[in-house]
Structure formats: C-alpha cells, structure tokens
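Colleague: Below are the structure tokens for one structure; questions will follow.
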Amino acid sequence: MFAFRSQEEIAREAIKHALKALRRRHLVEEGAHGPALIALSIPIISQGSEWKEKAENLETELQQCYKAQSRLSEQLVVEVAESRASKALLKENESQIVSLQEELTQSRDECSQLKADLEEKIEALELIVSENHQIRAQLEEMIAKAKNAEAENKMLIDRWMLQKMEDAERLNEANALYGHLIDQLKASGLEKLARQQVDGVVRRSEEGAEFFMDSIVPTSYKHKINAHEGGCASILFEYNSSKLVSGGQDRSIKLWDTNTGTLSNTLYGCLGSVLDLSITHDNRSVIAASSSNNLYVWDIQSGRVRHTLTGHTDKVCAVDVSKISSRHVVSAAYDRTIKVWDLQKGYCTNTIIFHSNCNSVAFSTDGQTIFSGHIDGNLRLWDIQTGKLLSEVAAHSLAAVTSISVSRSGNIVLTSGRDNMHNLFDIRSLEVCGTLRASGNRVASNWSRSCISPDENYVAAGSADGSMYIWSISKADIVSTLKEHTGSVLCCSWSGIGKPLASADKNGVVCIWA
C-alpha cells in the first residue's frame, strides 16, 4: 500500500512540475518575445512576416502543450482509477490470505490431531495383532490337544465297544446257562409257579414273588403337593410300591414318599419338558420322554443319567419299558416314528415309520407286542422283533387317542381319547368290552393319561375342570368323583399294591388320594 501511495504522489508531483515548467517556459518566452513585439511595433515591413510566423509557431506549440497536458490529466485519472481498483483487489486478496491462513492453521491442528489418533490406532493395532498371534498360537495348541483327545477318545471308544461286546458275549453265555438251569429246574419239578384265573385277573401264588392287594376306591385327598413349576405331565408309581415318580415342565424328575408327602430325591439332566415317564420292573432306572427330542435314562440309586437316547427329530411324547425285561424300551415322537431301544447297548434297534403321529405307547405283558395310540383315533399293534403291523382297530372315531394302559393281567387294554370316552378292549379279540364316560369329564390334552386299578375293577381319569372320575368296570358307572385340583388334570396313576391313587395337573400340583 505504501508503494502504491508513493508512486501516485510522485506522478502527481511530476505532472505539477511539468505544468509549472510549461508555464515558466511560456512566461519566459513571453518575456523574451516582449522586446520583439515592441520592436515589431516599429514599422519594419521586412521583419513583420518573419515574426508573425514565429508567433503562430509559438501559439501552435502552446496548443500542443495544452493538449499534452490534457492527455496527461486523462492518463492520470485512468491511473488513479486503476490504483483504486488495485487497492480494492489488494484488500480482497489480503482478506483471502488471512482466511486461508486461518484455515491453514486449523488444518495443521486437525492434521496434528489425526496424526496423534493415527499413532494411537497403530499402537492399538499392533497390540491386537500381537494378541491375535498369541490367540492363534493357543488355538493351534488347543487344536492339537483336541486332535490328541479325539484320537484317545476314539481309542477308548473302540476299547469300550470291544469290552461291551465281550460283556455281551459273557452275558449271553450267562443267559444261556441260566436258561439251561431253569429248564433243568422245570424238568426236575423244583420250580412251582401256579397261575390261577380269578375274576379275569391272572394272580400269582405266594411263591411267585409278586405282591397283590385289592384296589381301594379313594374318597378324599391325603396330600396335596406343589411338585413342579409350569405343570406336571406324567406320574407313575414304582412297581409294588407306594413311592411316586413325577416329571414336569421344570425339566426335573422327583421321587415322593406318598405316606408322608415328602420329597425323597430329585433327578436332573433333562434338557426339555418331561412329557412321559416309565420305570424298569426292578425299580432301578427311570426313563423320561422329553420335548428336547431325546430320552433320558437315570440310575435311581446314584441319581445320574445313565443314557441319553438320541434319534428322534421332534418332541418325544410317550415311552414304556418292557414288563418282562428291563432291557427293551419303546418310544414315540411327533416325527411319525416309533423306536425300540436296547438299554444295555444304549442305542435304537428298530424304527417304525407311520403316517399318523403317536400319542401313547405300551408293551404287552409278554413284551412281544407294542400298543400304540394315534391322533387318527386308531389303536395299533406291532411286532417288536420285525416292526410289522399286526392289527389295527378304530378306538376313537375322528378323535385322537391320548392314553393307553394295559391291565396287570394283560387281558385288557384301556384307551382314552379326545372324544371324552374311555374304551376297554379285550386284547385277544380286540373287541370293545366296555365304554366309560361322564357328562362332566373332558380330556384335557393329547397326552392326558388314564389308568386301570391293579385288580382291574376300576378306571381313573382326570378332567379339564380339575375333577378326578373313577368308574367301576363291571357296573360301567361312576363310583367316585374327586375334586381338589384347580387346574386341568393331565395324568393319574394307581399304585400296584392297590393304594394310593395319584393325580397331577397343569399347575404342577400332585394330589395323593386315599
């Protein structure tokens, strides 16, 4: 700005000096020409034309000086305008420079911050990379250990399978020896087992080692137990015992002393809701059908899971154990299959596939036939060895079969259905020998279980209104109605010694009736 001001002042001073010089020159020339003009006044004819010419030249030169002065003035105005425009442009450039300097300073600060963040990120990345290398090394080490463990496990399984095969061979030899001894005992007359037909019930003699009593019709509840959270879907008594086993939605199996109503043991390990229960004839193992698609086998004495039977692809809703041998188990699931299991080997030996899902299964008393009740309302009989369908009968028309119960003698099978009817079939002819119903009795679910008393004189079944109904088979009429449950009764079971009767509802409450 100082440079532009000095140049403008210099230009102005130069123009002023030029004008002053022209004026001085003009005055000098006028002073110089003064004597000449005086002399010209003298009438000298010879010099008049020459001085006139000089005067004209001087006037011309003066006009030219005036013109030069005007041009210089115009040039000065143009330069002054250009100078002002340059000033404005300079101010604008200076403001832009200040703005750019501020942006540069801000960018430098941001660059410094980004640089610091980058260094921090680089340090974190280096730490993560080092941790990744360590984890990878640990993973490789664990993979190597897993491969070694898998190899050891495979070797142990091979050894275990070999041991089981050897045990099976020894067991077969022992069974053959036992059978031979039994044959010898029968041949020599040392075994005396008499069976007598009394009132349609096959009873064993005192030497037959099975305890038997007449069933008692209960009239009131003895104990009311809050057994399971979320509901109790299955209960049963141990063989020839008053001890009760229950399974519920809380995935637990509980054993109860019905004389005192106290809990004696709890079995854990089931990964789903318990939908059905069964117990081996020696009361050593309990089997649970679960909504987790598996069956679980517990050793009652130790409380540990002995087997987890896998193979079903949908919830397992029914299970039963052979009454002759504690080795064979049958199960049904909502994958339209019925499976036969060998508990000694721990795997499936036969699979029956059918188009209608099965809600309930039961073994015949000889252990050679499987009864199955289906949602199409039919009762079917299967050969356990071949898996072939032996017979089929329409148990409940257009209504699902919810329960199958085989009598102690093996002569009668009880079926219950969603048509709220309870039918008794003669196993030998598969003809209906009795139909039981009540106006208030309504079957609560597809897995509601009814039962026959041990002396085959009564049938007990629960209802959706919370009542327990007991019918006399001979009279085909209700002999007792028990009301204590506040929820739908899902299952009931009669002790093999004739009393008590137990029932369970969807609230998880178990009632002991006496």
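Just so you know, glycine gets a Cβ as well, placed from its N, Cα and C.
The feature domain 'Autophagy-related protein 16' is assigned by TrEMBL to 52-172. Positions annotated as coiled coil by TrEMBL: 55-159. Taken from TrEMBL, the feature repeat 'WD' covers 225-266, 267-308, 309-351, 360-392, 453-481, 482-514.
Could you tell me the structural context for the features on the list?
Modeller: Long-range contacts of the repeat 'WD' (225-266) within the same chain: residues 210-211, 272-279, 281-283, 286, 288-290, 298, 300, 303, 447, 449, 487, 490-497, 499-500, 502-512, each at least 6 residues beyond the stretch ends and with a Cβ under 8 Å from a Cβ of the stretch.
The list of residues near the repeat 'WD' (267-308) in space but at least 6 beyond its ends in sequence, with Cβ under 8 angstroms from a Cβ of it, reads 230, 233-236, 238-239, 241, 245-249, 251-255, 314-326, 329, 331, 333, 341, 343, 346, 360, 447, 449.
Within its own chain, the repeat 'WD' (309-351) has Cβ neighbours under 8 Å at 164, 168, 171, 272, 275-282, 284-285, 287-297, 357-363, 365-367, 370, 372, 382, 384-385, 387, 446-447, counting only residues six or more beyond its boundaries.
On the 0 to 100 pLDDT scale, the repeat 'WD' (360-392) averages 95 in the predicted structure.
Tertiary proximity for the repeat 'WD' (453-481) is limited to same-chain residues at least six positions away from its ends with a CB under 8 Å from its CB atoms, namely 199-201, 212-215, 217-219, 407-409, 411-412, 414, 416, 422, 424, 434-436, 438, 440-444, 487-492, 494-498, 501, 503, 505, 511, 513.
According to DSSP, the secondary structure content of the repeat 'WD' (482-514) in residues is 0 helix, 18 strand, 15 coil.
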Colleague: Please count the residues of the repeat 'WD' (267-308) that DSSP assigns to helix (H, G, I), strand (E, B) and coil.
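Modeller: Computed counts for the repeat 'WD' (267-308) are 0 helix, 23 strand, 19 coil.
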Colleague: What are the DSSP helix/strand/coil residue counts across the repeat 'WD' (309-351)?
Modeller: 0 helix, 24 strand, 19 coil
Colleague: Could you give me three numbers for the domain 'Autophagy-related protein 16' (52-172), the DSSP helix, strand and coil residue counts?
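Modeller: The counts are 121 helix, 0 strand, 0 coil.
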